[in-house]
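Student: I am attaching a structure below and will ask some questions about it afterwards.
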Amino acid sequence: MTTATPLLQLNHLQKRFGKFEALKDIDFAIYPGEVFGFIGPNGAGKSTTIRVLLGILKASGGSATIFGQDVWQHSVAIHRRIAYVPGDVYLWPNLSGGEIIDLFLKLNGERHSAKTDALIKEFGLDPRKKARTYSKGNRQKVALIAAFSTNADFYIFDEPTSGLDPLNEQTFQAHVLALKQAGKSVLLSSHILSEVEKMCDRIGIIREGQIVETGTLAEMRHLTRTTIDVQTVQPLSALTTLPGVHGLTAKHGDNHVSFAVDADQLTTVMQYLTRQQLVTLTSTPPTLEDLFMRYYAAPNDARTPDGK
Amino acid sequence: MVGQLLRLNLKRDRNKLLIWIVTLVGLFTAIAAKFDGIYGTQTAIDTIVKTLKMPAMVSLFGAFTAKAPYTTAKIFATEMVVFMALIMIIMNIMLAVAGTRGEEDEGLLELVRAHAVGRQVPLVATTIELTGLNLVVGVLFGVGLQLAGMPGADTTGNWLIGAGLAAIGWMFGMLTLLLAQVADSASGATMLSYAVFGVMYVARMSTDVSQPKLTWWVPFGWIEKLNIYQANEWQPVFMMLLFGLVCLNLAMYFNQRRDLGAGLLVTRQGRAKASPVLMGPTTLLWRQSRGTLLAWVIGNALLGMSYASIFNTIGDLAKSNPTIKQLLGAAALAAANRVIVKNFIAVLAIVMVVVALIPAVQTMLKLVHDENKGYLHQVYATATSRWHVWASYTGFALVEALVVFLAGCLGMYAMGRSAMKDPINWITYQHVLLAYLPAMFVMVAAASLLVGWWPKGRYLAWAGVFYGFFSLYLGNLIDLPKWAKQLTPLGFVNKVPIKAIDWSTNWWLLGLTVLILVLASWGYRRRDLAQ
């Protein structure tokens, strides 16, 4: 995949608001046909990055290109080939949902099609209601329907499902997977980990305006620790001295402990444990939750020992 | 509960309230203090009395009820009360809508109401805020007049002016609270309130000119019935308070019964699909603003018509002086009559201009409003350029200024034709239009410039409109120096149709408009949009 030219390329992107550095160093690329998960805690700079990508904010430093064109200079040309759903959808209160969907389509040179009607049905939206009376979820549906019925090359979703019910969330996921199969690229910013796990090929984690990690989920799993619960015949006194062992805690019973071990030290540790003659052993692979919590919580280095 | 919410509201509105209080009281007191200098001599007073008795002036300032001996204070009361009442009412409508429907539209009221806050608490908090504000302004007016110490003023009269202005402001505040229950959105409530106010203004004008007694039937007219510095009657103040109280009770009655976010007028269903016309920023703006625009067009046309309906009364010198016909001869008399009407048209033009500027500036500032609200967020993610959006709003605003002003002139022309024996030709109104449009465009362009470069300071555009109105409506009467009148582009316009159009002024104003617009579009394209 890395052989293709990237569809989106960010190089040391920076954005300052006065003295506040919202984006310090954003660096990642998205390739054609890829669903890229963009995750990070609230206020980390996800939406700011997306707004720079859309030419709504002007970058203070670095470069950002989509389809090889600068996002600020050529925003109109780029926008012809993208579809976008913001996290908070605000709609003109006195227009109906149906009118707004059609307007968004027309603004991108498209028309209301059979696909649009199908989407309206599928998401269960009443297009005749005035936007003023829509709930958050319904407003999001309006934006989603417009985006999915646009024939774009690149789709940007900024926390698109935060107001949707589980049924609509599934509809959303099905449509994103369909886009992926059709060879489209997607940037999906989300807090819903199951969503990210199900759909994303690669993930970028942002914290405090910096990308702290990018890669596939498998690669990222590798970066974290497996939790081990073990009981042995012989005492485990040397365990603390082994590298890569964290948060050792004694459990009920003789020679029964639990601890976390770094992925790259797993073999050494397992060899030591076997030598002490195993009674029981359970190993728990890192969950996505663990993975994200680590990046979300720790202030500086994502992999500092945190007792887990 | 009410106390906490009130504190919160006051914190939210602190700047707004402060600006209103300082501007209103400052303006009022400064004029009062200066008045002795303008109308200090008996000759000056006698001249202005003659002017104020003319129907044209009566239509603007109310019936002249003062009796001889005329004093500076009596002139002040006649000239200032209606004007100040206008501004008090606008202030109350704005704050009452913002405090009720505005909060509701933003969804803030929902948050507040989710706590252990009663249904009526937010309404009561706004009521207290408005009451306090009017009270403070009224008291400061009284204090200001006491300090100014105009010849002929008395303490009761001073406090009566303060009380009367406070009462009329409060009354309209309460009326707006009631209308806010009827409409289903903030813009609907604002429109409804101004419509009611407009009807009352026109009604009092026509009764003042024809049958001043009938003005008692118009609540807005009560402010003219105080008889200040003479009989000093308090009865109208009590009537206003009573009327306000009735409105408040009705407002609370309806507020108790309706759903949050709904009004007595039911929200209609919209279209399932967009009409083919809705296809870009310009048509989107049209789709949203056409109702408001239509209201302004009709409103200004009606205003023009009602002014023109008294052209005949004004332009008839023979009525007040039967011998004049023999003296001048029929032809010369007709010419003299026309000059008087044209003089009146020149003054009315200012009112029409300001009325036309309101929707235009509103549209211009809507560009920032829509950006802040996030409505434009998704539009900018489509293949729509900033220039396109900016040009749509700016162009729409300029056309709005033109169309609403034109409607006012057409209204005057149409009614003038049927009301006058010797009607004014359309060419006269055309001159008025051509003379004022360039100056109006400069003001709209200036608002656009604020939108492009300093969106936070966009409300300065309103200060510009307000100052234009103030300096032209009152400028001559309070003897405003020339430089002060020329702080607004409107001040450069000749007194058309009495004088000819000054084309060189027109051209440089148009040039200035283009220059400002170029700067504005540049600023709007290069700045960050709101988060």
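For all residues, glycine too, the Cβ spot is worked out from N, Cα and C.
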Student: Check each of the ranges B:8-35, B:120-147 against TrEMBL and return the one annotated as transmembrane segment.
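Tutor: Range annotated as transmembrane segment by TrEMBL: B:120-147.
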Student: Check the transmembrane segment (B:293-318) against each of B:80-100, B:120-147, B:237-254, B:339-361, B:459-478 and return whichever range has the most CB pairs under 8 Å.
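Tutor: Highest pair count goes to B:339-361.
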Student: Verify whether three or more Cβ pairs under 8 angstroms connect the transmembrane segment (B:80-100) with the transmembrane segment (B:433-453), leaving out any pair fewer than 6 apart in sequence.
Tutor: no
Student: If we skip the immediate neighbours and take only residues 6+ beyond the ends of the transmembrane segment (B:159-180), which ones have a Cβ under 8 Å from one of its Cβ atoms?
Tutor: 77, 80-81, 84-85, 88-89, 91-93, 95-97, 100-101, 123, 126-127, 130-131, 134-135, 137-143, 145, 189, 192-193, 196-197, 219-220, 222-223, 226, 228, 232-234, 236-237, 240-241, 243-245, 247-248, 250-251, 254
Student: Can you work out which residues elsewhere in the same chain, 6+ from the ends of the transmembrane segment (B:339-361), have a Cβ less than 8 Å from its Cβ atoms?
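Tutor: Cβ under 8 Å, 6 or more out: 56, 60, 289, 292-293, 296, 299-300, 303-304, 307, 311, 314-315, 317, 397-398, 400-405, 408-409, 412, 416, 420, 424, 428-429, 432, 435-436, 439-440, 443-444, 447, 461-462, 465, 468-469, 472-473, 490, 495-498.
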Student: Go through B:80-100, B:120-147, B:459-478 and flag the stretch with the largest number of C-beta pairs under 8 Å relative to the transmembrane segment (B:186-203).
Tutor: B:80-100
Student: With CB pairs under 8 Å as the measure, which of the listed stretches B:80-100, B:120-147, B:390-413, B:459-478 comes out on top against the transmembrane segment (B:507-524)?
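Tutor: Top-ranked stretch among B:80-100, B:120-147, B:390-413, B:459-478: B:390-413.
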